[in-house]
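According to TrEMBL, the protein carries these features:
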BINDING   A:GLY121, A:VAL122, A:ILE123, A:GLY124, A:ASP125, A:THR145, A:THR146, A:LYS158, A:LYS167  NAD(+) binding site
BINDING   A:GLU200, A:HIS262, A:HIS281  Zn(2+) binding site
DOMAIN    A:83-195  domain '3-dehydroquinate synthase N-terminal'
DOMAIN    A:197-346  domain '3-dehydroquinate synthase C-terminal'
TRANSMEM  A:114-134  transmembrane segment
Number of protein chains: 2
Amino acid sequence: MSSTEATTATTTVAAPTVVPVALGKRGYDILIGPGLIDGAGEELARRFPGSRYAIITDETVAEHHLDRLTGSMTDAGLDFTTVELTAGEGSKSFPVFESAIDCVLSARLERGDLLIALGGGVIGDLVGFVAGVVRRGMRFVQMPTTLLAQVDSSVGGKTGINTRHGKNLVGVFHQPSLVLADTSALDTLAPRDFRAGYAEVAKYGLIDDPAFFAWLEANWRDVFSGGPGRIEAIATACRAKAHVVKIDEKETGPRALLNLGHTFGHALEAVTHYDGTRLVHGEGVAIGMALAHEFSVHMNLCSPDDAARVKAHLEAVGLPTRLQDVPGGVGTAEELMQAIYQDKKVKRGRLTFILTRGVGKSFIADDVAPDVVKAFLGEKLRG
Amino acid sequence: MSSTEATTATTTVAAPTVVPVALGKRGYDILIGPGLIDGAGEELARRFPGSRYAIITDETVAEHHLDRLTGSMTDAGLDFTTVELTAGEGSKSFPVFESAIDCVLSARLERGDLLIALGGGVIGDLVGFVAGVVRRGMRFVQMPTTLLAQVDSSVGGKTGINTRHGKNLVGVFHQPSLVLADTSALDTLAPRDFRAGYAEVAKYGLIDDPAFFAWLEANWRDVFSGGPGRIEAIATACRAKAHVVKIDEKETGPRALLNLGHTFGHALEAVTHYDGTRLVHGEGVAIGMALAHEFSVHMNLCSPDDAARVKAHLEAVGLPTRLQDVPGGVGTAEELMQAIYQDKKVKRGRLTFILTRGVGKSFIADDVAPDVVKAFLGEKLRG
Ligand SMILES: NC(=O)c1ccc[n+]([C@@H]2O[C@H](COP(=O)([O-])OP(=O)(O)OC[C@H]3O[C@@H](n4cnc5c(N)ncnc54)[C@H](O)[C@@H]3O)[C@@H](O)[C@H]2O)c1
Ligand SMILES: NC(=O)c1ccc[n+]([C@@H]2O[C@H](COP(=O)([O-])OP(=O)(O)OC[C@H]3O[C@@H](n4cnc5c(N)ncnc54)[C@H](O)[C@@H]3O)[C@@H](O)[C@H]2O)c1
Ligand SMILES: [Zn+2]
Ligand SMILES: [Zn+2]
């Protein structure tokens, strides 16, 4: 070792955590770590030599993170255009879908070129769908900037938009070619959005990883404040999701476990008319998971202690857990049941629920009697 | 055998010809024969027990064939709704795509239910795309009613719509679950549309089946008049397409051979602004195939005799073969080159053409110099 080298000050950038999604020809890597947006240009140049790009983002994300990305891509000599959409769920719609496609085609991108989804689940779902249909499928990169997107929506290839008949009813399965989850990008996220995403993190513990749930109970403050625990939590969640996606890419079986808390959660989103000022997705999921555990207690499947423990943890991080927590109320048990029936996971009148035998012991129950659910909801509404 | 049975008059309905498309889990059958629409109810009931249906068709096809289909489905006790769209290429558009999706969702079809595309390539491409995206993919049945749709568009899973940037630029690969090609449905087709479809039939001979081309030279009258040769021609074409689709489902390689005549053909469609009164797709393909052979002569690849033979056969059935055959003209060589560049099969400036060494000896040439093409077109425009 020469003395010059020995005395040079060096910045240590920790290598990102890599979680592979093993889907054969459709496989890809999830890279997790701070500062990945700043290093994106180099990473892209290395992985996709000769390709051109269209970055699609929303205005809020653009304000905080777009310059870092375009700067990095310019430094790496990459050729790209940028499209900024309105922030919010409203962009998962036919008109925005059509105009995003028009932008991509105007940029003359070819099949081997890539779209970049820089944003939360809304941008990821929309851009993934656009990538899935332009020229019958072009490649795309997920750069998730919300916690929900980093641990859930950016991984697994579900894409889509909403219609007046319900959310996510139109879309395709289309896997990204790379996911770059820049964990420091979450620092600018609204606390409420961070918490909402945390509900999905906790979900992976509750599905089948009790040790992870216990770890979260001990370390959630570090996850929220951006310590090393954040990377670890996100990586654990991504590994869990990658595993489920690998064994059931098209959601014909076990992937349904990822819907823990979601049947109730979706119903709550529906009865509050997807009004994010009242309830965001992750909050619905938090209440839904608490209810799924309580319903499992009601069905004599789960101990009351486990249900209480789940509720206590969600409340500790500031998430809602009761129907009464939703501002403006959630209507009657009958209205909730109607919303449950509308949910696309309902098949031919029988209800599919994710139930549980305790923390980390969830399972798919595909023949739950609607009457029992309704009675349970009636009880919960009475307090 | 009892005497009662022996004396009963029986109608002999020949069993349909079955061409399997061997795509593993995505595999399906193409059934070819007269009267298949009348027998569709039974066939569907047997293959997809318990499913519900939405028939999507256009008004012209509805007038001729919808009653036979709905009658047959009603007789079989099937549950279905019907959607009638405007006839013509204009229905391969975003607004019609969106409204067709809305109809399907309004009918509350679930993932296991099926759409039925009753019509030509327009209906098939649109409905296939709708099926590909509703609930991230539902099943569908192709019931092609044009010759082009029976031998080409209904088989292979390419679906899509047009945009202002070009044709078929938005869509998905989504295989049907069954194709019912009722050969007698073609009796109501306009002669011009039949001829246009015939160009695609002849194409299969020209690609790699010289014996089929010779058979067509001898039997084309029987194909046009609806004799047994029609079924044989359609089955041969479907077998050829099924084979290519099997070895290259997503068109990353040999499937490009199916584009014989299409680079020139698409350019002609573009410069005539997709005005079907001037030129329909199959006519563009006929001229394109004649040009592809002549261009191959120009490149010293193909004998002038083979090119003349191809031209003679296409002319015999009444198809156009020369740039001068397009009413209103096709502009300059430069304008045609611009249209060729816009075509999606152009990659990074190099031109991919299907060229040929003679009848049935086509191959993919992916590095054709634009100057040579332009000079050739200039010559052809001069007569
Ligand atoms: N595809 C899937 O598998 C899947 C899974 C779960 C959820 N989803 C979908 O994800 C969507 C919800 O995702 P979401 O919660 O990320 O919503 P979102 O994309 O709307 O993001 C929430 C808000 O945060 C802003 N934002 C994003 N990143 C930011 C940052 N780093 N700093 C500051 N602000 C930032 C956005 O502009 C937006 O206003 C829903 O449409 C849901 O259906 C999809
Ligand atoms: N997906 C593919 O692989 C593929 C391949 C080739 C072409 N295509 C597409 O197919 C489309 C052209 O298909 P097409 O030529 O069938 O056009 P089409 O569907 O418009 O049909 C042509 C006309 O014939 C009418 N018609 C259909 N069946 C009839 C019948 N039995 N009797 C009387 N009238 C009838 C229709 O109403 C229409 O007016 C184009 O959009 C092209 O892009 C797709
Ligand atoms: Zn969720
Ligand atoms: Zn064609």
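Backbone N, Cα and C atoms are what each Cβ position is placed from, and that goes for glycine too.
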Proximal to chain B - binding-site residues among A:GLY121, A:ILE123, A:THR146, A:LYS167, A:GLU200, A:HIS262, CB under 8 Å: none
Largest tally of Cβ atoms lying within 10 Å of a Cβ, found at which of the binding-site residues A:LYS167, A:HIS262, A:HIS281: A:HIS281
Pop the Cα-Cα gap between A:GLY121 (NAD(+) binding site) and A:HIS281 (Zn(2+) binding site) into the table, whole Å please. 11
Between A:GLY121 (NAD(+) binding site) and A:GLU200 (Zn(2+) binding site), find the distance joining the two CA atoms and give it rounded to the nearest Å. 12
Closest by Cα to A:GLU200 (Zn(2+) binding site), out of the binding-site residues A:ILE123, A:ASP125, A:THR146, is A:THR146
For A:THR146 (NAD(+) binding site): DSSP state (helix, strand, coil): coil
How many other Cβ atoms are found within 10 Å of the Cβ atom of A:ASP125 (NAD(+) binding site), counting all protein chains shown? 26
I need the CA-to-CA distance for A:ASP125 (NAD(+) binding site) versus A:HIS262 (Zn(2+) binding site), whole Å please. 17
Per-state residue totals over the domain '3-dehydroquinate synthase C-terminal' (A:197-346) - DSSP helix, strand, coil: 108 helix, 0 strand, 42 coil
To what whole number does the mean pLDDT across the domain '3-dehydroquinate synthase N-terminal' (A:83-195) round? 96
Inside 10 Å of the Cβ of A:THR146 (NAD(+) binding site), count up the other Cβ atoms and send me the figure. 26
Would you mind checking how many other C-beta atoms are within 10 angstroms of the C-beta on A:ILE123 (NAD(+) binding site)? 29
Whole-number Å distance between the CA of A:HIS262 (Zn(2+) binding site) and the CA of A:LYS167 (NAD(+) binding site)? 13
